[in-house]
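See structure below.
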Amino acid sequence: MTAQPIDSQVLKRHLQIKFTKRKFQLETSSRRKTSSKYIYTYIILVPSMLRGFGSFLTVLAFGGLLNSELTGVLDDCFCDVESIDIFNNFKIYPRIKKLTERDYFRYYRVNLKRPCPFWPDDGHCSIKDCHVEPCPESKVPVGIKSGNYNKYSQASNSLSDVSECEQAKELGAINSTLSNQSKEAFADWARHDDAQDHFCELDDETSPDAEYVDLLLNPERYTGYKGPSAWRVWNSIYEENCFKPRSVYRPLNPLAPSRGDDDGEGFYKWLEGLCLEKRVFYRLISGLHSSINIHLCAEYLLDESWSHTVWGPNIHEFRQRFDTAETKAEGTRRLKNLYFLYLIELRALYKVAPYFERAIVSLYTGNVPEDGETKDLLLQIFNEIKAFPMHFDEKSMFAGHKMEAKTLKEEFRLHFKNISRIMDCVGCSKCRLWGKLQTQGLGTALKILFSEKEIQKLPEHSPSKGFQLTRQEIVALMNAFSRLSTSIYQLHNFRQMLEQQR
């Protein structure tokens, strides 16, 4: 018997989901003290006519997936796994899935031909499922490929045209008095200033190697790309960019020397001793890795013949990566890091909502009716996110001595930017596509979290100069969060299948 997906359209007509406040006793791992904290959890009110769904809902929120260890409050924040499950699977997943199917969000411009900057290129994978089919420009909506997607309405553009022309004249007059060398220096400074907020190495969309990709026609799934080439990418990310000394060994690292019966306790003692910011960094990367692995397990090539291919969940593959016994309890930690990453990106969307709520912002493709519907759907998602009360508090990060915090923040940014460059070393084109998109999405989320003051100063009726998002960043942000939402939804399906095998 196979797991059935949640039919949210049927259930939401009968279920009422609300928050209730409850007191939770939390033992903090750092101080070993028990403190009283208030958190929220969901209560599902099931009318008597739907009591038959009781067992279904129990599996949804409390299914005993990993010896019941994937439950309760997450580290470094006051939010529990069960509340995220229900909030995501009923409130967010159905909407974010529809949003990413819209034209504005399905076409992503990316350069998959950039050389690996760190080691000789292995060459691209020859497996057919690694191939990415670029989208012919004739298929791309005119408003996207013309470059008029910078989100501002026609009325606002007409108002700003005059001032932009005046600025251009003034800039031209100034530039006419400068030497070519000085002009080039000013351009370099401008590029440097613009890059200060970026946590990712962005592709040059004007490059002749950049192509539009239809994400719906190139879904993330298991391609067969594995082994030393894939291990080297993740090893470089963890070993060289997660603030870890080489004397500390990650558990289950296939490229590390044998540690005998070491169960990873040395690694986690080291991790607990880190400051919050560096610990968060590791958990973000681990959560991203876990999310990608869930996608590969959920969309696995199960059968192939000359007439058809069958893709679906591979429970054996899932067990190998996440089962408590097979991973020496590492799987549960990995999945909790996925939930933590979900909260980080959820918080970024909460913070950036005012940017999109302005009337001046439109998700422009050239199809005015559809563009309006797309923005309405996006605002619905923001409204759901605002109602969620268990957000991560980013103010606890970089809150120490001003100069030390500034140095740490820059180190945090540069480490993540380096990881985005490593994505150009992935040998499988489809894996590279989704790796680049998801790291750029997380990088955009981090940019948002650390731009709160600029977002608060956004003008209502004119373009912002203090904070801006490109279309590439917007598409990556929403698709990356959609991938996390899908992972948590698919995790529910794996829970059901594991329950049925008991």
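Backbone N, Cα and C atoms are what each Cβ position is placed from, and that goes for glycine too.
Residues or ranges marked as transmembrane segment by TrEMBL: 39-66.
The disulfide bond feature in TrEMBL is assigned to Cys125-Cys130 (among others). A simple way to gauge crowding: the CB of Cys130 (disulfide bond) has 19 other CB atoms within 10 angstroms, across all the protein chains here.
Per TrEMBL, disulfide bond is recorded for Cys165-Cys200 (among others).
There are 19 other CB atoms within 10 A of the CB of Thr223 (FAD binding site), with all protein chains counted. The FAD binding site annotation in TrEMBL covers Arg221, Thr223, Trp234, Ser286, His289, Arg321.
The active site, nucleophile annotation in TrEMBL covers Cys428.
Cys428 (active site, nucleophile) is surrounded by 24 other CB atoms, counting those within 10 A of its CB over all protein chains shown. TrEMBL lists Cys428-Cys431 (among others) with the feature disulfide bond.
Taken from TrEMBL, the feature active site applies to Cys431.
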Exercise for the section: Measuring CA to CA, name the entry from the binding-site residues Thr223, Trp234, Ser286, His289, Arg321 that ends up nearest Cys431 (disulfide bond). Expected result: Thr223
Exercise for the section: In whole Å, note down how far the CA of Cys125 (disulfide bond) lies from the CA of Cys428 (active site, nucleophile). Expected result: 5
Handout entry: Sparsest-packed among the disulfide-bonded residues, when each Cβ's other Cβ atoms within 10 Å are tallied, from Cys125, Cys200, Cys431
Key = Cys125
Completion exercise
Smallest Cα-Cα separation from Thr223 (FAD binding site) among the disulfide-bonded residues Cys125, Cys130, Cys200 is shown by Cys130
Completion exercise
Whole-number Å distance separating the Cα atoms of Ser286 (FAD binding site) and Cys200 (disulfide bond) is 18
Handout entry: Rounded to the nearest Å - Cα separation of Cys130 (disulfide bond) and Arg221 (FAD binding site)
Key = 9
